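After the structure tokens below, expect a handful of questions from me.
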Amino acid sequence: MKALPLAAWFFVGVEALNLSSDQVDQPKKIVPKAQVLCVGTLFCTGLVVYFVTAALPPGIASLPSELVPLNRGFTLMFNISHQTATILSLPATFATAFGFMWCYGKLISAMAMSRLLPNILSKTTKENETPYGALLAGSALSYAVCILSYFVPAVGENLFRICILSAFMSYTGQCIGYISLKKNYRNIKSSEFRSPWGIAGAVYSMTIWILAIIAVAAFQDNKGIEIIVFSVVATLLTLFYFGYSRKRQTFSAAENRVMLVAHVTKFNVKKVAAGRRVKPQKVSSSSSKRTGGGGTETSQTEKGKLMLKSVKSTTGTIR
């Protein structure tokens, strides 16, 4: 359990591919395929790293505590120190940093467009629409954390576990969201990819992430500092939302389109289900039968028109 968070680190960040949906052709087809290929690649490379590093001295016993596991091979191959071997892993670290910069740039910009954050963070360049406001803000915050870690070593020692705990919480929420969509919005075709495991697969994944959360909170031998810090940060962000964002929050154009489709789809599903539950009533004459049927049909039609009118007016107000 103590090593589970470090092992899960191999698969962190795959969900960021969803952020590229507005920059690729046929995102419903390409993005899910890219995610599956990415997870498969990470699984294979993870196995290779595991078997190679476990085969090197001092063996598998100390592997869970290795932050840079490839250093074992570098020190033996080039007869260099552990500190020097770490330099060889820096190129991959820089590549990861650019990936995270792209990710938080997209996220911060999207939140600013919905006015969850100050509008200045949604500023983009005219030519390439680069979210420079979000990138500058995210980079400044990142450097501030680096400086804090330098002067307060305890921050650096616990920062990884705090971040990975946040990821596990996010993944658990995504599994819950998937289950909710499958149960309440079955007719929405958001992707051409269909998980062969469905809700059962989401429940299994959520179980793994909950175990990982428990591993961080109770098996790291540091009195649960990660869960305390996460709770404090979550509380501060909640206060920020209710104190600042809630009064200003709107839906962006993309969110409006998605929400309209979701509302109309759910209404249609409920209408069909309600129609199936209505039992035909016995009438004394064909005339009253036609009248009764017409009344029911008119009533259902009027309800449908009123619901669609309500959805459109709500969407227009939010926009």
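Cβ coordinates come from backbone N, Cα and C, glycine included.
Dumping what TrEMBL says about this protein:
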SIGNAL    1-16  signal peptide
DOMAIN    4-241  domain 'Amino acid permease/ SLC12A'
TRANSMEM  36-60  transmembrane segment
TRANSMEM  80-105  transmembrane segment
TRANSMEM  132-152  transmembrane segment
TRANSMEM  158-179  transmembrane segment
TRANSMEM  199-219  transmembrane segment
TRANSMEM  225-244  transmembrane segment
REGION    278-319  region 'Disordered'
Which of 36-60, 132-152, 199-219, 225-244 shares the most C-beta pairs under 8 angstroms with the transmembrane segment (80-105)?
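Selected stretch: 132-152, with the most Cβ pairs under 8 Å.
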Which bits of the chain, at least 6 residues beyond where the transmembrane segment (225-244) starts or stops, bring a Cβ under 8 A of a Cβ in it?
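Beyond its ends, the transmembrane segment (225-244) has Cβ neighbours at 116, 158, 161-162, 165-166, 169, 216-217.
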Is the transmembrane segment (158-179) packed against any residues at least 6 beyond its ends, judged by a Cβ distance under 8 Å, and which are they?
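5, 8-9, 12, 15, 145, 149, 199, 202-203, 205-206, 209-210, 212-213, 216-217, 220, 222, 225-227, 229-230.
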Average the per-residue pLDDT over the domain 'Amino acid permease/ SLC12A' (4-241) and send me the rounded value.
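Taking every residue in the domain 'Amino acid permease/ SLC12A' (4-241) and averaging pLDDT yields 88.
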Near the transmembrane segment (199-219), which residues from the same chain, at least 6 beyond its ends, have a CB less than 8 A from one of its CBs?
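That would be 1-2, 4-5, 8, 161, 164-165, 168-169, 171-172, 175-176, 178-179, 182-183, 226-227.
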